[in-house]
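Enquirer: As annotated in TrEMBL:
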type	residues	note
DOMAIN	12-144	domain 'MARVEL'
TRANSMEM	20-40	transmembrane segment
TRANSMEM	52-72	transmembrane segment
TRANSMEM	84-106	transmembrane segment
TRANSMEM	118-140	transmembrane segment
DOMAIN	151-302	domain 'MARVEL'
TRANSMEM	160-181	transmembrane segment
TRANSMEM	188-209	transmembrane segment
TRANSMEM	221-244	transmembrane segment
TRANSMEM	277-298	transmembrane segment
Amino acid sequence: MPTQASPPDYDDFWVGFWYFRLPELFSTCVAFSLVADMGFGRGDIGNWSMSIWCFCFTMTLIIVMVELWRLPSRFPFYWYNFPVTYACYAALVCLSTSIIYSITYVQFLLYGPSRDRAITATAFSCIASVVYALDVAWVWDWYDLDDISCYVHTLPGLLKVLETFVACVIFAFLSNTSLYLHQPALEWCVAVYSICFILAAVVLLLNLGEWEYRLPVPFPVFQLVLTTLSVLLYISALVLWPLYQFYEELGGQPQRSSDGDCRDELTYNMCKWDQRLAVAVLTAINLLVYVADLVYWAHQVSVGTED
């Protein structure tokens, strides 16, 4: 399998900058600034959305600086993997942020300047997601990657992207700390989401840097162990989170009507019961993704053992 991209033509750098990178910087900066201008009224979801847009702006700016100064060859890994993977993530994250911010916050705002700012920020976030998606195609063509297998375009790479992406969406709902700080079992669930996210991110970084074969153990075995651990942790979260959130004897609220926030027609945020349910559903979805990942690596290890 080829592992080296063709050297990019830096005469085309400004084409990508004016058509993709500059709109990305502008869109994320405007979205961040509009929500930041709302002050304390932006809520927990607003703070989470701001952090996403700020992160995307910062990473895009770093990529622009690296490519402008022609520094990719100085990195100890193939640089082309990074902008392609980042653009894929940024497109997904900006799109999900637009949807979550609209559903959980914007629709509850009263008509006025704050609502107008929030709607405009959502629109610019959608624009950013589209431009990032187009950026993937441009980077692919600029580095001439047609005959090169990128990790994020393989089955295990796609599964890792899904695992980390769903975890990021879970973190959006967990920005409301009142959902879990009152109960150690729920704090354990938050720790599970964080630990599994870090493990998946480490695997992604190892593959993007093409350092997976420098490990003291075969990489499929390493993946199998980490995925097995993540599956076990997610199973514990899938049991504990619904148990302590919806079981009345453990302090949970089995029905939506029992949550005062959900009965309040003047609320400006997604009510806590809906947020609890969203985390429970996303936990089950991510567990299924991890199980698929586990099956894949168990098969790879068994085939390797037979060989």
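For all residues, glycine too, the Cβ spot is worked out from N, Cα and C.
I would like each feature placed in context: is it buried or exposed, what are its neighbours, and how far apart are things?
Expert: Residue counts for the domain 'MARVEL' (12-144) under DSSP, helix first, then strand, then coil, are 115 helix, 0 strand, 18 coil.
Long-range neighbours of the transmembrane segment (20-40) within the same chain, counting only residues 6 or more positions beyond its ends whose Cβ lies under 8 Å from a Cβ of the stretch, are 46, 49-50, 53-54, 56-57, 60-61, 63-64, 90, 94, 114, 117-118, 120-122, 124-125, 127-128, 131-132, 134-135, 138.
Tertiary proximity for the transmembrane segment (84-106) is limited to same-chain residues at least six positions away from its ends with a CB under 8 Å from its CB atoms, namely 24, 28, 43, 45-46, 48-49, 52-53, 56, 59-60, 63, 115, 118-119, 121-122, 125-126, 128-130, 132-133, 135-136, 139-140, 143, 145, 150-152, 161, 164-165, 168-169, 172, 204, 208, 268-270, 275.
Taking Cβ pairs closer than 8 Å, the transmembrane segment (188-209) reaches residues 76-77, 81-82, 85, 151, 157, 160-161, 163-164, 167-168, 170-171, 174, 180, 215, 219, 223, 226, 229-230, 233-234, 236-237, 240-241, 283, 286, 290 in its own chain, all 6 or more past its ends.
For the transmembrane segment (221-244), the list of distant contacts is 156, 163, 183, 185-186, 188-189, 192-193, 195-196, 199-200, 202-203, 212, 215, 250-252, 276, 279-280, 283-284, 286-287, 290-291, 293-294, 297-298, 300-301: same-chain residues at least six beyond its ends, Cβ to Cβ under 8 Å.
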Enquirer: So what's the mean pLDDT when you look at the domain 'MARVEL' (151-302)?
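Expert: Averaging the confidence scores along the domain 'MARVEL' (151-302) gives 86.
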